[in-house]
Amino acid sequence: MTTILSVRLKNKVVIGGDGQATLGNTIMKSNVKKIRSLYHEKVIAGFAGGTADAFTLFEMFDKKLAMYQGQLQRAAIELAKDWRSDRMLRKLEALLAVADKKTSLIITGNGDVIQPEDDLIAIGSGGSYAQSSARALIENTHLDANQIVRKSLNIAANICIYTNHNFTIKELFSEK
């Protein structure tokens, strides 16, 4: 699996993730880019789960964003509907964390589109470690969103065997 973390704080939203791809208990690749900019760099997204499945979903999500002119929530809901109802797509195993300048969402293969109350998203095998760390840093420091994502991913990578220290981090300026 992996660790993907998104933090929205003050005027920024940041999504970061590690680069490890595993097959069973073997590391197959250490520099997979699991974080992407989509729709004219107005949306950032990360995935946890099967790499090929996630790339398929990224492509589909980018098409939905284009179809709905960058409306993140609408594109996410339409992707989730397709993902849930299409027999072939239902077999894809991945989670997406997506964000634009206003909204952060988790999209699942069950057809769920979840907007977290606190604009903090953590998915993947190291997600709970990264989320715990991020919560503590948000509540007890004055670090910015980028620093919180970096430090939290580092902590997750030190604990989770399916997460490495090869991070990709993207950010957008936020309206919140």
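Placed from the backbone N, Cα and C atoms, the Cβ positions cover glycine too.
According to Swiss-Prot:
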- THR2: active site (ACT_SITE)
- ALA157, CYS160, THR163: Na(+) binding site (BINDING)
Practice task
Taking only the Cα atoms, work out how far the residue listed as 'active site' lies from THR163 (Na(+) binding site), in Å, as a whole number.
Solution key: 5
Completion exercise
Taking the centre of the Cβ atoms of ALA157, CYS160, THR163 as the Na(+) site, the remaining residues of that chain with Cβ inside 8 Å are THR2, THR3, ASP18, GLN20, SER125, GLY126, TYR129, LEU153, ALA156, ASN158, ILE159, ILE161, TYR162, ASN164, HIS165
Handout entry: Same-chain residues at least 6 apart in sequence whose Cβ lies under 8 Å from CYS160 (Na(+) binding site)
Key = THR3, SER125, GLY126, TYR129
Exercise for the section: Show which residues of the chain containing ALA157 (Na(+) binding site), separated from it by at least 6 in sequence, have their CB under 8 Å from its CB. Expected result: THR3, ASP18, GLY126, THR163, ASN164, HIS165
Exercise for the section: Tally every other Cβ atom lying within 10 Å of the Cβ atom of the residue listed as 'active site'. Expected result: 28
